[in-house]
Amino acid sequence: MRLLFFGPPGAGKGTQAKKVAQEFQIVHISTGDILRDAVSKGTELGKMAKAIMDRGELVSDEIMNSLVKERLEELDSFILDGYPRTLDQAKFLDQATKELQKEIDAAVLIDVSEEEIVKRISNRRVCPNCGKVYNLITLQPKEDEKCDVCGTKLIQRDDDKEEVVRERYKVYKKNTEPVIEYYRKNNKIITIDGAQNVEDVTKELFNILRSFNKQ
C-alpha cells in the first residue's frame, strides 16, 4: 500500500499515520525524516539541502522533489506524511511514482473543522518545568492550572494561542485545498471525520484500508 496523509495542524494526522504504519507494516516517512536521512548519509542532495538549511532558508521544491523520489526508489510500500504540500509537488509525485511503477493508492484526509481545531489546540497547556502536556477539556490537571508531576504553574505556548491557530489553519487551507482537490478528481481521496476520538478514527481508518487492501 502506498498512501499520502493530509490534515490540518492538530487533526492527529501524524498519530494516525504511525498507527497505520504499524498495523499494516508500512514505512512511515515525513519530509523531516527524508531531509535528516539525506543529510546524515551525506548524499549530493543532502549536502545541498544542509547548506540551504544552515543559511536558515527553506529547501526548494526542486530539491525536496528529488529527495522524495530518491527515498521512494528504496521502498515498495510507504506512507508519505507532509508531502506533497503544493499542487506542483503533487504533479511531480504523480509523474515520479508512474516512472517508478509505484503509483499512490490513496490520499487519506483527516478532516477537522476550524472551530474544532481551535478548541483542541487553544486548550493545550504545558508544564514549563517537566514538559508534560495537558488539555483543559480532554486531559485536565488534577489541580487547576498546575502540573500533576511537579506542581509548576502551567502555561499556554504562543503557538497554541487562538489567533495563531486560526492563522495556521488558514495557511493550511490555502496551500492544501488545491492538492486535496487534485487527488479528489483522481478518485484517490479517503475522507475520515477527525472530530471523533482517536480510537474511533483509527478503527474507521483500519476498516477502510483493510477492505481497500483486499481489492
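Note that Cβ sites are derived from N, Cα and C of the backbone, with glycine treated the same way.
Record note: Swiss-Prot gives Gly10, Ala11, Gly12, Lys13, Gly14, Thr15, Val133, Tyr134, Gln196 as ATP-binding, and the candidate from Arg2, Arg124 in that site is Arg124. Of the candidate ranges 30-59, 60-89, Swiss-Prot annotates residues 30-59 with the feature region 'NMP'. Here Glu57 (AMP binding site) is positioned 33 angstrom away from Tyr134 (ATP binding site), judged by their C-alpha atoms.
Separating the Cα atoms of Tyr83 (AMP binding site) and Gly10 (ATP binding site) is a whole-number distance of 17 Å. Each residue contributes its Cα atom, and for Val59 (AMP binding site) and Cys127 (Zn(2+) binding site) these two points are 33 Å apart. The binding-site residues recorded for this entry are Gly14, Arg124, Cys127, and the Cα of Gly14 lies nearest to that of Glu57 (AMP binding site).
For the pair Gly10 (ATP binding site) and Cys130 (Zn(2+) binding site), the C-alpha distance works out to 22 angstrom. Note: the Zn(2+) site is recorded as Cys127, Cys130, Cys147, Cys150; in the same chain, Pro128, Asn129, Gly131, Lys132, Asp148, Val149, Gly151, Thr152, Leu154 also have Cβ atoms within 8 Å of that site's Cβ centroid.
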